[in-house]
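In what follows, a single structure is set out as structure tokens and then discussed.
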Amino acid sequence: MAFRLSNSLLGILNAVTFLLSVPVLGGGIWLATRADGTECERYFSAPVIAFGVFLLLVSLAGLVGACCRVNCLLWFYLVAMFVLIVVLFCFTVFAFVVTNKGAGEAVSGRGYKEYRLGDYSNWLQKRMENSKNWNRIRSCLQDSKVCKKLQDKNWDRIQFFKADLSPLESGCCKPPSSCNFLYVSGTNWTKVPTNSSDPDCNTWVDDGTQLCYNCQSCKAGAVATLKRDWKRVAVVCIVFLVFIVIVYSLGCCAFRNNRRDNRGAYRGAAWKGGYA
């Protein structure tokens, strides 16, 4: 009996996915076990390992189910793929809804923008206001030395004010412009008496290990970065969803082919048995 085209395509796609899952799983294990890894890397290793295991098991089920005509494995594969489609669709919609609100504010005479936590969605605000979440994020930011670029720059005052800073650099590495502190270097500012009502003016510490990591502006910078990244991920998810739906359709065809072939083989065996 000729091998079905849908089974062949599904087998090839799952063989490629199986090979791709190995480095994903290996990368997650490496992040979790490296001796000099940061807390942030160890934190992200768990979802990477989980995703790698999921890809490994599902692709293996699809490969064996399609090529060896094992219906139970192909059924498991289709259920897992359906769940993945639903999860990806829900996440994509959620990401667009949550990141729809909020943007940086232009500051007169500055090349960078400044960010306020209250401008973003309530869901993101609550995540950042949670002390446990923020302590973990702040540790990641400090470990990644997000302000090191500004510390290494020998900009004068005019060069700094014209610089296009990232949301994290603007929110975490310098005091808000409303504080009117005196510029010394990228992360070194002299505090002066101010009439600003911004609480970040008192939170700022002229210490390379603290700076404005506890400021509301730093939380807003983290949210702005998360918003940008989630929108990019959501666009990728849309493309991936189209691909997954096509693969799922191939899986349904392969499952139908297996049932048809198995039914034909059973009838053939019964017919031969009747004339034995």
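Residue positions begin at 1 at the first shown residue.
Each residue, glycine too, has its Cβ placed from N, Cα and C.
Per TrEMBL, the feature transmembrane segment maps to 12-32 (among others).
Under the heading transmembrane segment, TrEMBL lists 44-67 (among others).
Summarising the annotation, TrEMBL assigns transmembrane segment to 74-98 (among others).
Annotation comment: TrEMBL describes 233-255 (among others) as transmembrane segment. Counting residues 6+ beyond its ends, the transmembrane segment (233-255) has Cβ neighbours under 8 Å at 4, 6-7, 9-10, 13, 62, 65-66, 71, 74-75, 77-78, 81-82, 84-85, 88-89, 91-92, 95-96, 99 in the same chain.
Distant neighbours of the transmembrane segment (74-98): 54, 57-58, 61-62, 65-66, 121, 123-124, 230-231, 233-234, 237-238, 240-241, 244-245, 247-248, 251-252, 254-255, 258; these residues of the same chain sit at least 6 beyond its ends, with a Cβ under 8 Å from one of its Cβ atoms.
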